[in-house]
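Feature annotations, reproduced from TrEMBL:
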type     : residues : note
SIGNAL   : 1-23     : signal peptide
DOMAIN   : 37-500   : domain 'Carboxylesterase type B'
ACT_SITE : SER237   : active site, acyl-ester intermediate
ACT_SITE : GLU358   : active site, charge relay system
ACT_SITE : HIS460   : active site, charge relay system
Amino acid sequence: MRSLPKVLAPYFALAFLVPAATCLPREDPKSCNGCSNPTATIDSGVVTGKVTHIPGSGSSVNQFLGIPFAQPPTGDLRFAPPEKPHVWDGTYNAVAQPPACIQDFGNRTTGSDFQQALFNTPPPPGESEDCLYLNVYAPSSGGKDKPVLFWIYGGGYRFGASSLPLYDGTSFAANQDIIVVTANYRTNLFGFPRSPQLPLDAQNLGQLDQRLALDWVQRNIRSFGGGPGKVTIAGESAGAVSVSALINTMPVNPPFRGAILQAGQSLIQFPPPPPNDDQTSWEALIQLLNCTDTSDAGILACARAVSAETLKEILQTTGLSFQSPVADNVTTLEFPAAAYAAGSVSRVPILAGSNFDEGSSFAYGAGENVTEFLASVSLPTAIVEQIAELYAPDSPATVGRTTGNQIIAQIITDSSARCPAGLFANLTLTALDVPAWQYLFNATFPNTQHPEYPGLGVYHSSEISLVFGTYPAEDSTPTQARLSRWMQKQWADFVKDPQNGPGWGPYPTVGVLGASEDEAVTTRNVRDLDPVCAEWDNLYALGLESGS
């Protein structure tokens with residue numbers, strides 16, 4: 001068994017970016033001519049959606065798009081926890097994708113173009129501060145008590161949207177007979193302001209949005225044919241961190257029975273981050289706004305009076321950063337590993353994993369000098385020297401990595417994604433005595449690569465279009481189609497029965513997905529597949545014990 005390191009960091013470090021959104025639905029859903037629009041009665045009123053179908057699937061799907069699950073977080077509700085929506089009269093027309101919440105891709109001169117090209121193409125249908133909406137994709141066949149997949153998108157808590165084509169749940173619902181729910185949540189300044197004028201339990205507004213959306217599912221999913229007791233929460237990158245945070249903070253009667261974590265978790269942040277400057281960013285923002293009333297109420301009133309567009313412009317021109325959940329011990333624990341050791345977390349089966357080249361997009365632009373890269377990391381010299389030795393050229397950890405940048409990417413992959421996925425699965429099994437499954441995705445296809453940024457390989461997020469069936473139809477291959485169908489079914493099988501999991505053995509077995517054209521999955525023992533992770537377990541502990 002792998003040992004439990006003294007992991008104290010409250011959230012995942014490097015793999016926070018939103019999945020690449022260049023994919024359009026593989027088989028573009030078509031409106032159903034002549035079909036009557038579906039309706040559902042929820043606690044806010046009546047909603048009407050639309051019927052779509054995927055050519056060749058033989059199944060149609062009821063789409064309810066842009067249902068409000070909270071009041072608009074504007075005016076006095078800016079920088080405030082979400083509140084349930086008001087009841088409406090008549091019928092709410094839920095037939096169009098909602099706008100994204102306000103996005104922050106950083107300073108225009110510091111990587112914004114790269115991030116948008118990789119993670120926001122095509123962009124969502126607009127953005128607005130009035131953004132707390134969700135989408136429901138339900139099989140038109142009817143029925144009751146169907147399993148539910150509740151999806152949380154990534155984006156580093158800075159950007160992302162449920163309305164990206166990548167997350168279209170139509171294929172899932174049509175082909176797997178499950179219900180898919182995707183919900184927006186506030187990010188950046190609007191979701192994680194780190195304002196000293198706000199109480200501690202009202203800081204992580206984006207995570208509170210996620211909780212209210214999950215509560216909406218419990219109250220209303222029966223109206224769409226879903227079972228409130230059959231919910232699996234799932235997410236990628238920061239979405240997976242959010243899933244992990246929900247596991248950590250809902251030990252009693254959680255509103256979910258399983259969890260899927262793709263390239264993220266909240267137990268390990270390595271290397272430990274530099275001192276958080278989000279509160280400093282808030283103070284700088286208030287100075288830029290020229291707020292004259294310096295009382296707590298006056299500062300909040302001043303920040304709430306400024307237009308969302310002005311605040312976004314400040315984020316883009318100054319590079320002020322608002323992206324870190326605070327350890328409030330309500331939505332994010334200060335010591336999550338201790339909660340696991342005590343068994344005071346949700347005891348639900350998990351499916352966790354990562355991609356073969358998770359670090360490639362994070363190493364892009366980092367150069368070729370491994371020594372300089374390691375020197376820039378906030379770690380003691382002794383630990384940096386151990387990492388340099390572990391990843392020396394021609395060492396077992398760098399097999400197949402021929403350039404300095406590839407070695408940098410491998411260090412990021414192992415330290416922040418691949419080894420933490422195994423550690424999380426191990427903790428779930430050993431500390432909680434709950435089944436856990438681990439995967440490693442290792443497949444590339446020409447139509448999911450980026451011509452402007454070649455050489456990224458099996459990059460961060462590249463598995464999602466296969467899971468959702470939303471990879472581009474153009475230039476797709478039979479192998480890609482087979483793998484997508486197989487992966488989608490394994491994810492759906494987990495949603496339908498988390499105790500029995502997907503189509504490979506539980507941890508310490510790892511399902512390697514897509515590495516062979518002949519087989520969708522091959523299996524390896526984690527100790528044989530990832531021997532370097534035993535070294536990382538020790539490095540995690542050393543880094544934290546040294547006070548870094």
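Cβ coordinates are placed from backbone N, Cα and C, and glycine is handled just like the others.
Annotations in TrEMBL come from automatic prediction, not curation.
The separation of HIS460 (active site, charge relay system) from GLU358 (active site, charge relay system), Cα to Cα, is 4 Å. Counting only the Cα atoms, the space from SER237 (active site, acyl-ester intermediate) to HIS460 (active site, charge relay system) is about 8 angstrom.
All chains included, 30 other C-beta atoms sit within 10 angstroms of the C-beta of GLU358 (active site, charge relay system). When secondary structure is read from DSSP and collapsed to three states, HIS460 (active site, charge relay system) falls in the coil class. Per-residue confidence over the domain 'Carboxylesterase type B' (37-500) averages 94 (mean pLDDT, predicted model).
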